[in-house]
Amino acid sequence: MPTVDDILEHVGEFHFFQKQTFFLLALLSAAFTPIYVGIVFLGFTPDHRCRSPGAAEPSRRCGWSLAEELNYTVDWNHSALGCVEPLAGLAANRSHLPLGPCRHGWVYDTPGSSIVTEFNLVCANSWMLDLFQSAVNVGFFIGSMGIGYLADRFGRKLCLLVTILINAASGVLMAVSPNYTWVLIFRLIQGLVSKAGWIIGYILITEFVGLSYRRTVGIVYQVAFTVGLLVLAGVAYALPHWRLLQLTVTLPNVCFLLYYWCIPESPRWLISQNKSAKAMRVIKYIAKKNGKSLPASLQSLRPDEEVDEKLTPSFLDLVRTPQIRRHTLILMYNWFTGSVLYQGLIMHMGLAGSNIYLDFFYSALVEFPAALIIILTIDRIGRRYPWAVSNMVAGAACLASAFIPDDLQWLRVTVACLGRMGITMAYEMVCLVNAELYPTFIRNLGVLVCSSMCDIGGIITPFLVYRLTDIWHELPLVVFAVVGLVAGGLVLLLPETKGKALPETIDEVENMQR
């Protein structure tokens, strides 16, 4: 009985249909960038100071209260301070003077705007920016598990289109929201659907292509995300106002709704749901688009004997059997590690210079060599060893950075970039291998549930970095080193998936180690 991979060898593993579908889904991958890292520009915090009360509010001495502008709670009019160099009469150490709130608002040194400047998310309200960033990660976490289950239950295509629609609507509504509360709500909704849609796109393209192309499209799909980073930096530079930027990066999602007519349902999912007739229609459509004919011997596609009944995915399937349980726990830890080190290194490295657009652009460039190294090694060496080494390199780089003297700044930046490259490789590898370690009927659920741990990492990383820095500035790097080295060791406990077809049943996964 032929498998989908056997049929794709005849109708084309990566011909016109797959190339067209990959291009369309790569656009979806690039469009996910503003949601994942858009906080860098949407929540940019420029230099700021208290707004002076102006001539409309004169005091009885010196025209107006200088103490108000400086934010000192000093009774200027009833003090012995003079109008000529009055600060000279204040305490020698002004840090002991009480500070009060800005009574007249804030002045920001920026030609554009962000949610920080519009809603004054500074000083006592700075926690609201942290909440804005955490909200999208909370949405990622909840949406990954919920929509992952729905995609395995009701199909990849339906859930992909629904997530695109909700993402587009919530993004536009966020751009026109009248206050911070509504901005936060629509940001949360975007988080609920956007990451799930990105991973469904990844699952779809890996299920459409043949075995020999699966790893390449998986890597390049993630490279499209890196391209999105570069494009986002340019768009943000051209549009420094957050509402216009938000609207601009959201509108492409409206065009993605046209995918209803361009992308069919995954034949592998249809087979796992005992819908062989529909799966064969999709395969014939693929053959027609590729200009190939389907041999009569391959037109009797039906489910394997082990899945002669429709299989319903369950969260328990991810931990019910020994090998799948091991895969789930190790993959969850590696997703968590990738998120903590990826975001933590960006926070801690402190790129030289003050141009946010150039800093963002340069840091994104480091990710291209990581993808190239994966492509050059993954079919020659396999998945496990490059993945384990990349985690260990990232961990070792963090440990080395902690003890490099401050006067060797060039060396610190170089080692930090090496760590960023290592964790980027590990991030791309876990996404690739995750899909290869689960059977078809729980593959989407497995990827989304495991990847939800990177959202937990995204939520706690800012607190991890800033709290530990109060104890010792380099302590976060030591923690990152331990986490990365442990992740590298755990990867060696997973089976090698190089050259193996995607497993269709639980028994196939349980026998992978053999």
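Each Cβ is built from the backbone N, Cα and C atoms, and glycine gets one as well.
Nobody curates TrEMBL annotations by hand; they come from automatic prediction.
What TrEMBL says about this one:
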TRANSMEM  22-44  transmembrane segment
DOMAIN    22-499  domain 'Major facilitator superfamily (MFS) profile'
TRANSMEM  131-151  transmembrane segment
TRANSMEM  158-176  transmembrane segment
TRANSMEM  182-205  transmembrane segment
TRANSMEM  217-238  transmembrane segment
TRANSMEM  244-263  transmembrane segment
TRANSMEM  330-350  transmembrane segment
TRANSMEM  356-378  transmembrane segment
TRANSMEM  385-404  transmembrane segment
TRANSMEM  410-433  transmembrane segment
TRANSMEM  445-465  transmembrane segment
TRANSMEM  477-494  transmembrane segment
Is the transmembrane segment (477-494) in contact with the transmembrane segment (330-350), using three or more Cβ pairs under 8 angstroms as the rule and ignoring pairs under 6 apart in sequence? yes
Cβ pairs under 8 Å only, please: of the recorded stretches 217-238, 244-263, 385-404, 445-465, 477-494, which one is richest in them relative to the transmembrane segment (158-176)? 244-263
Of the listed stretches 131-151, 217-238, 385-404, 445-465, which one has the most C-beta pairs under 8 A with the transmembrane segment (22-44)? 217-238
What stretch in 131-151, 244-263, 356-378, 477-494 has the biggest tally of Cβ pairs under 8 Å against the transmembrane segment (182-205)? 131-151
Residues of the parent chain within Cβ reach of the transmembrane segment (445-465), under 8 Å, 6 or more residues beyond its termini: 130, 133-134, 137-138, 140-141, 144-145, 147-149, 151-152, 195-196, 199, 202-203, 313, 315, 317-318, 327-328, 331-333, 335-340, 343-344, 347-348, 431, 434-435, 437-438, 476, 479
Given a Cβ distance threshold of under 8 angstroms, which distant residues of the chain, six or more beyond its ends, lie next to the transmembrane segment (356-378)? 40-41, 44, 215-216, 219-220, 222-223, 226, 229-230, 232-234, 236-237, 346, 386, 390, 417, 420-422, 424-425, 428-429, 432, 498
Taking 217-238, 244-263, 477-494 as candidates, which has the most Cβ pairs under 8 Å with the transmembrane segment (385-404)? 477-494
Calculate the per-residue pLDDT averaged over the domain 'Major facilitator superfamily (MFS) profile' (22-499) and state the result as an integer. 80
